[in-house]
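J.: In case it helps, Swiss-Prot gives these features for our protein:
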SITE      21  site 'Transition state stabilizer'
ACT_SITE  26  active site, proton acceptor
BINDING   77, 83, 90, 104, 105, 114  substrate binding site
ACT_SITE  103  active site, proton donor
């Protein structure tokens, strides 16, 4: 592949607390450790990877808007915004960038309010319950799909 693909990784609220926050559900890796591993993998795949985490919905929306015309694919763990944010859904629709929704835990095996996602039906794919490996699987899938379409 001649040109680098540009992939944006977005992480929502409370994911900055990974490593200490309910490790039995979310694992013991910190968000920095997950992103560092993913960055190493991205380099080996000739991918430019950017990461952004925020506990603020508007900041995630602003970053999605900034991605228009510069990002080829988005990997997003919307965390609690999965179940509440029509605004993030609308932002993703507005920029028309394909994305994969990621969840560390199996949201379908948890409380009923976590079973609904405002993003899943418009996502290129959804990965849940595979822990930090889900980010790697999402990256590999995004690169494969981008390679097939370019």
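Placed from the backbone N, Cα and C atoms, the Cβ positions cover glycine too.
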J.: Same-chain residues six or more away whose CB lies under 8 A from the CB of residue 114 (substrate binding site)?
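T.: Looking at Cβ-Cβ distances below 8 Å from residue 114 (substrate binding site), excluding near sequence neighbours, one finds 82, 83, 107, 108.
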J.: For the residue listed as 'active site, proton acceptor', which residues of its chain lie six or more apart in sequence with Cβ-Cβ distance below 8 Å?
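T.: When sequence neighbours closer than 6 are ignored, the residue listed as 'active site, proton acceptor' has 18, 104, 105, 131 within Cβ distance under 8 Å.
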J.: Please give me the CB contact count at 10 A for residue 21 (site 'Transition state stabilizer'), counting all chains in the structure.
T.: 14
J.: Under a three-state reading of DSSP, tell me whether residue 105 (substrate binding site) is helix, strand or coil.
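T.: Looking at the DSSP assignment, residue 105 (substrate binding site) belongs to neither helix nor strand, so coil.
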J.: Starting from residue 103 (active site, proton donor), work out which of the recorded positions listed here (21, 77, 90) have their Cα within 10 Å, and give them in sequence order.
T.: 77
J.: Just to be sure I understand the packing, how many Cβ atoms besides its own are within 10 Å of the Cβ of residue 83 (substrate binding site)?
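T.: Neighbour count, Cβ to Cβ under the 10 Å cut-off: 16.
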J.: Sorted by position, what residues of the same chain at least six away from residue 77 (substrate binding site) have a C-beta under 8 A from it?
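T.: Residues satisfying the criterion: 10, 11, 12, 15, 101, 102, 103, 104, 135.
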J.: Reported as an integer number of Å, what is the Cα distance between residue 90 (substrate binding site) and residue 21 (site 'Transition state stabilizer')?
T.: 29
J.: When a 10 Å sphere is centred on the Cβ of residue 103 (active site, proton donor), how many other Cβ atoms does it contain?
T.: 23
J.: Per 10 Å Cβ neighbour count, which of the binding-site residues 90, 105 ranks highest?
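T.: When each Cβ's neighbours within 10 Å are tallied, 105 tops the list.
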